[in-house]
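Visitor: The signal peptide feature in TrEMBL is assigned to 1-18. Under the heading disulfide bond, TrEMBL lists Cys52-Cys400, Cys256-Cys270, Cys424-Cys430. Summarising the annotation, TrEMBL assigns coiled coil to 73-100.
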Amino acid sequence: MFAMLIFVLLSIMAQLKADHGFDVRHHLSTVTKYDAVKDIVKASANSIPDGCTPIHLNLVARHGTRSPTKKRMRELDKLASHLEELIKDAEEQNLSLEKVPSWLQGWESPWRGKLKGGELIRNGEEEMYNLGIRIRERFPELFEEEYHPDVYPIKASQIPRASASAVAFGMGLLSEKGSLGPARQRAFAVTSESRASDIILRFHDCCGNYKVFRKRQEPAVDKLKEPVLDEITSALVSRYGLNFTRQDVDMLWFLCKQEASVLDITDQACGLFSPYEVALLEWADDLEMFILKGYGNSINYRMGVPLLEDVVQSMEQAIKAKEEKHAPGSYEKARLRFAHAETVVPFSCLLGLFLDGSEFQKMQREEPLELPPKPPQSRNWHGSTVAPFAGNNMLVLHSCPANSESKYFVQVLHNEHPILMAGCNGSDVCPFEEFKEKIVAPHLKHDYNSLCTVHLEAPEQKPVPTKASSPF
């Protein structure tokens, strides 16, 4: 009996110790701030061959931290009204409110009365500005030339938070490079395609079959998430004595993410949940992202092939300029793109990131992949690292004239760190021809128009299993 008591006490102490080191800001799925997670990566040795120099850079970045959208702000107003009703009901039933956190009583949404939403906030501007500075300092050979939009094209989707991110990035990249104002800024161009036809950065908006798939799949995804929400709803009702519903818990988790990422508040809505409950909620979000944006269905990333083709084309042009000894300033040295999680996640999948070798082979054969395992099991697929605010992939093309294996190598950096590619024998660096053959070519058999055009009798997408193979 004494031994059992000691075991229980040690278990409690271990849990308290683990909880003490827990930071909810690292576990907000795709609502995570960049600085919270950009350096949380598995160590990967930089394996660029000796004597190589970067000659071209492709950047595909998500916009920086933003405010909640207008629709979500209205939902938070409704949450405030419902919380008020729950507390009033408890008082009418003479229930004790001692367990109810004081902030909940009389709570109002921080965005109450705001008429617009979804814009880049100051922290998001800083994320992108600092990213621009770091990239310039990391690759001085690429950014030593005088700015010209044909040498350093900056492209953004036609959504204000993406174009604002491109502007903030450009201000950092070109700071002290001009003569405007005390910061010596200079003007630069940001170009966008029409939202209705942008198959490079908003391919998900233009792909009819994807919209059909997503609409059909969303109820099944909601069904998968229900057990997590039900489990946590039961726990919160018991813990705080209020008659929370599943919808309340879903919105309180959304509020937690907004408070922690946008307002840096972690002791209100986030404080309602234990670290394990946060892990479950984060996993449920990651599951949704996996199914609707990631490896859950091949259409999610196959529709991003125009972006992959654009990246490869830019590298081929850089190689041609190098081989033909074009004059400096006459060819492109970096192609810089700013878009959304719906862009970065599929692009990461096209590169085969966050997969082991067997999973990569399955993906290329278009076989379904296993869903990310439920906590406490470990997983590679975390929205907080795959596509946080300002999350990015960089493909750096290196010229390696002294290397006998290949004259040109591609290194992939995810959130500025080298990342292993299962398609290139688990290396972060790949000979350019091998990169095209093993990673790019298998995707090119899919034509965007054929993939995305809705036919009247389009075959119904296979739903995600919710019973026999459910992760719960």
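In case you wondered, yes, glycine gets a Cβ from its N, Cα and C as well.
All TrEMBL annotations are machine predictions without curation.
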Visitor: Using a 10 angstroms cut-off on Cβ to Cβ distances, just flag whichever of Cys256, Cys400, Cys430 is the loneliest among these disulfide-bonded residues.
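Guide: Taking Cys256, Cys400, Cys430 as the disulfide-bonded residues, the minimal 10 Å Cβ count falls on Cys400.
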Visitor: Let's check the environment of Cys270 (disulfide bond): how many other CB atoms sit within 10 Å of its CB?
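Guide: Total other Cβ atoms inside 10 Å, all chains included: 20.
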Visitor: Please report the distance from the Cα of Cys430 (disulfide bond) to the Cα of Cys400 (disulfide bond), rounded to the nearest angstrom.
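Guide: Cα-Cα distance, Cys430 (disulfide bond) to Cys400 (disulfide bond): 12 Å.
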Visitor: Write down the Cα-Cα distance for Cys424 (disulfide bond) and Cys270 (disulfide bond), rounded and given in Å.
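Guide: On Cα coordinates alone, these residues lie 40 Å apart.
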Visitor: What whole-number Å value do you get for the CA-CA distance of Cys424 (disulfide bond) and Cys52 (disulfide bond)?
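Guide: Rounded to a whole number, the Cα-Cα distance is 18 Å.
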Visitor: Taking all residues of the coiled coil (73-100) together, what is their mean pLDDT?
Guide: 93
Visitor: Whole-number answer please: how many Å between the C-alpha atoms of Cys256 (disulfide bond) and Cys400 (disulfide bond)?
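Guide: About 48 Å separate the Cα atoms of these two residues.
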Visitor: Inside 10 Å of the Cβ of Cys52 (disulfide bond), count up the other Cβ atoms and send me the figure.
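Guide: Around the Cβ of Cys52 (disulfide bond), 20 other Cβ atoms lie within 10 Å.
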